[in-house]
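Encoded as structure tokens, the structure appears first; notes follow it.
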Amino acid sequence: MRAFSKDVVRSIRHSLGRFVALAAIVALGTGFYAGLRMAPPDMNLAADAYYDGTALMDVRVVSTLGLTEEDIEALRAVDGVEAVMGAYSTDVLATMNDEQYVMRVHSLSPSAAASVQEGSAVASDDSDYLNRLELAEGRWPAAPGECVIFNDKVMSGPSELGDVIVVDASVGEGAGTLARTEFTVVGRVHSPLYVSSTAMGTSTIGSGAVEQFMYVMPEDFDPDLPFVEAYLTVAGAADLPANSIAYDDRVSAVVAAIEAIAPEREQARVAGLQAEAQADLDEARAEFEEEKARAQTELGDARAELDAAKAELDDGQRQLDSAASALAASEKKISDGEKRYAQGTEALAKRRADAEAQFAEAQAAVEANEANLAEANAALPTLEASVAQVEAALAAPELPEEQRAQLEAQKAELEKSIADIAAAAAALDEAKAQLAAQRTAADEQMAAAQKQLDQGKLDVEEGTARLQEGRAEYEQAKADLEAGRATYEQGVADYDVAAAEANEKLDEAERELADAQQKIDDIEPPDWLVMDRSKNFGLVSFENDAARVDAIASFFPLIFFLVAALVALTTMTRMVEEERMLIGTFKALGYSRGRITSKYLIYAALAAGLGSIVGIGALSQLLPWVVMEAYSIVYYVPSGPLIVDWPIALAAAGIGVGITLAATWAAAAATLRETPAALMQPPAPKAGKRILLERVGPLWRRLSFSWKVTFRNIFRYKRRLVMTCVGIAGCTALLLTGLGLQNSINDIIDVQYGEIVDYNVVITEKEDASDADREAARVLLDDEGRLPVAVRATEASLIAVGANGTEAMTTIVAPDDPLAFQGLWHFRAREGHETRDLTDDGAVITEKLATKLGVAAGDEITFAEQDDLGNATAVTYTVPVAAVVENYIGDYAFVTPAVFERTFSEEPANLTVYARATDDAAERAALSEALRATGAVDTVAFNDEVIDSYRQMLKSVNMIVVVLVVAAAALAFIVLYNLTNINITERAREIATLKVLGFTPREVNAYIFREIVLLTILGALVGLGLGVVLEGFVVVTAEVDQVMFGRTIHAVSFAVAFALTMVFTAVVMAAMRPKLAKIDMVESLKSNE
């Protein structure tokens, strides 16, 4: 080995500390640059490996009318398409463990159970099995009603295998899509479609964002449904890096080819649907005509039966009327009979009485005649005697004629009297016989009359009995007729109702058929939405976060490179100054400037090269791992091998070595301009001059000798001052950046839910809830014991569109009582915390939304409606921006009911309730259960769930803070070590002199380290200012969508950053104390000789 080369080795060996320090600062710079710059490629490579290993789709095709098997085959026939998988999916509102989630339900490929997991890759014999799931726990569904869900324990609530998921069939399209509403969790999976647990996509139900997913058996979907979507992979795309231009070009070509066949398939789908629908409609129309004819026949038969019944009723009525007439006649006849009987009885009695009277009178006459006859019979002998006397007298012939005549007359009278008595006796006998005959005849007549009366009475009684029977029969017939008439009338009414209903149903059926025909005729071609991976929220979010890391990596390592340059310049300047005599000797021996300079360049190159190798080798593995571990809280992308990116590694090494060599050349160039003779002599001390502090007499005079020397040395060695200030400033800036980042992220929760938001539960009611259910819910919501404060509001999810085309999913909130709502959500400006009011002047929007869209108060903001896939439509609304308010989670626009109605031309529905509930967990659970039991409530979401989820996510920040603290400590140690080492080396004679003069070790340490402490304080103060700028850059760059990091660094973070800097300084000073103690007074004082 030649002498020159040996001298290089000797220099390294004799100044190993300097060499290691130089290598260490270069290692930090190149390692941080390479590590941070390699993190995004490593993230993308890991993602690409995961996507390829799970056969993630390259293209997703969704049709608004579904996809048929013919569509699937048409997609398979597209040039460049490698595999196609038809699938079903729907968004539902589901409950699991008393917590509600917006879930996206996917159909599970039958090939999933037969797939084999190989690390993070999933192998399957089915090439059409895309978006392959990785089973993390449990088993695959084996029967309908079983499911697997997202294996995420951060954003989703706790769940266990065996939990039951209940789908609310009244919300969304779950009822018409799924065959069941209850599913049992049998496993947990990871899906390449959902690499992010915070950006799983948008939905038109619930909160507007997908919060969980589950895969169910295809049999759990309605078997009559067409495929909802189709996933495709592009031939050769898996061989290209995801997100590369080549990949995008290849996929774009297939997307264009699919879009080219889309119109034809859309028309074919319309024709197929129309033909299928027309066939169904024709069949339905035929059934309708058949049913119509049957109905008309049945109605005609029913009408005929009613008419027959009417005729029977009329005939019955006639018969009843005839019977009534007969009954009336019978009644009259009976009445007449009874009257005749009464009259006959009376007449008979009268006749009997009259006859008895006559008989009595006749009997009296007979008796009188008998008496007279008896008297006459008694006088008869006398009369006979008289007759005899007269005859005797007459016998006398001498009777005078006059006397004879008298006697003849007397005799005639007596004979007449005797004859009269005989006649009277005969007449009496005749009268008695006649009277007896008359009595007999009368008795016979009376008996006959009585018999006739008795017969009449019997006839009346029999007629009465028959009349009663007839009346009973009449009444029964009348009742039967009335019942028949009622039945008839009911039949007529039923007939009329049935006929009306039948006619109404027939008319309705005809209208439905006509409407169905019109709908068939009006079926429009579906829209085929052809989307590549850029439409997947999680994939894009991961890619954007990788880009954010890359943006930070482009700026962050500059601090290390700047410090490396200053350290290299200072270190090599000191080395050159130490070897002035050797350089002069080399020049005297004829070595060229280039040759001499090469020694220091080689020294620096070896140190920088070694540092680059160590730094790049270590940090290119550590930092990407740290970054990916930090993001693993939010994303599931299995880490792959951390491959060294040689272009980045060479660039980092080139920069590290380059700035070191540049600083070395600058350090050696000035010295090499001197002559050998000058170089072989100690350099002349710099001319002393007064420093600025000396001009402040009162202060300067009060300083001790040691402090005066300290201040003179600080300003005498300006290069050292700059190096220390820059190095320490970088250290403090890194510390403040890490701590400030932690503050900014913690403020998301602490400020959002501690100062801005004062509600702790959001309740959403169903749109189609019944009045009874809504009233039951209202009673609970108005219960001040459960909800002391509750404000109703209307929510709508729209897409805000900025002037530069930026889109942001935004929640419109229109509280029905703006003043009361501001008691639950405090509207204030972030800077100054000035209150902003919600008025009819326009919308109050959140700061992150305003920043993304580039709008401010006084501008206008445009909102677009979204389709089922979350894309903006052409339907837009414009609202003036009244104010911008502080907010950290979510993009919101708040409007009054008047502004809402004026903008959207509809009245607010007020189905959302923002409320403050009790803090008692049991009471909250009871409230949630009671509200859901009403049947009128969709969701009950407490803030605690969101807070816990974000706190879990923010744990990853601690790892980043630790890395920054370690980096800052290393930077501080290297800078202070070099500074202190150079300071001690340069001032060895001065330190030896102090020892000779009797300074104690403590005083010597204070004499040297006081300067370092002052420079550290100055550098730390500068670093605090630099840290504010650096933290602001990192916070803005690292922000994710829908979240705004805090913009305030807490005072304690400034104190901790400053204190840690001083602690690092104290550690370095403690490490350098032995070197001060080892300075030999004699050797140091002889050094110039």
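Positions of Cβ are set from backbone N, Cα and C atoms, glycine also.
Feature annotation from TrEMBL assigns coiled coil to 274-519.
Mean per-residue pLDDT, taken over the domain 'ABC3 transporter permease C-terminal' (555-675), amounts to 81. Feature annotation from TrEMBL assigns domain 'ABC3 transporter permease C-terminal' to 555-675 (among others).
Summarising the annotation, TrEMBL assigns domain 'ABC3 transporter permease C-terminal' to 963-1079 (among others).
With a cut-off of 8 Å between Cβ atoms, the residues of this chain six or more beyond the transmembrane segment (16-36) that come close are 549-550, 552-553, 556-557, 560-561, 563-564, 567-568, 571-572, 574-575, 603-604, 606-608, 610-612, 614-616, 618-624, 627, 645, 648-649, 651-653, 655-657, 660, 967, 970-971, 974-975, 977-978, 981. The feature transmembrane segment is assigned by TrEMBL to 16-36 (among others).
For the transmembrane segment (551-572), the residues of the chain that approach it from at least six positions outside its boundaries are 18, 21-22, 25-26, 28-29, 32-33, 36-37, 39-40, 600, 603-604, 608, 655-656, 659-660, 662-664, 666-668, 719-720, 722-723, 726-727, 730, 733-734, 971, 974-975, 978-979, 982, 1030, 1033-1034, 1037-1038, judged by C-beta separation under 8 angstroms. The feature transmembrane segment is assigned by TrEMBL to 551-572 (among others).
Sequence-distant neighbours of the transmembrane segment (600-626) (same chain, 6+ residues past either end, Cβ-Cβ under 8 Å): 8, 11-12, 19-20, 22-32, 34-36, 38-39, 42-43, 568, 572, 575-576, 639, 642, 644-645, 649, 652-653, 656-657, 660-661, 663-665, 667-668, 959-960, 963. Summarising the annotation, TrEMBL assigns transmembrane segment to 600-626 (among others).
Taken from TrEMBL, the feature transmembrane segment covers 646-672 (among others).
Annotation source TrEMBL lists transmembrane segment at 721-741 (among others). Tertiary neighbourhood of the transmembrane segment (721-741): same-chain residues 559-560, 562-563, 566-567, 569-570, 714-715, 957, 960-961, 963-965, 967-969, 971-972, 974-976, 978-979, 1012, 1015-1016, 1018-1020, 1022-1024, 1026-1028, 1030-1031, 1034-1035, 1038, 1045, 1049-1050, 1053-1054, 1056-1058, 1060-1061, 1064-1065, selected by CB-CB distance under 8 Å and a gap of 6+ residues from either end.
Annotation source TrEMBL lists transmembrane segment at 959-979 (among others). With a cut-off of 8 Å between Cβ atoms, the residues of this chain six or more beyond the transmembrane segment (959-979) that come close are 17-18, 21-22, 24-25, 28, 32, 559-560, 563, 567, 570-571, 623, 626, 629-630, 720, 723-724, 727-728, 730-732, 734-735, 737-739, 741-742, 1012, 1015-1016, 1060-1061, 1064-1065, 1067-1069, 1071-1072.
Per TrEMBL, transmembrane segment is recorded for 1012-1036 (among others).
Residues or ranges marked as transmembrane segment in TrEMBL: 1048-1071 (among others).
Within the domain 'ABC3 transporter permease C-terminal' (555-675), the DSSP-based counts of helix, strand and coil residues read 97 helix, 1 strand, 23 coil. Across the domain 'ABC3 transporter permease C-terminal' (963-1079), the DSSP tally of helix, strand and coil residues reads 98 helix, 1 strand, 18 coil.
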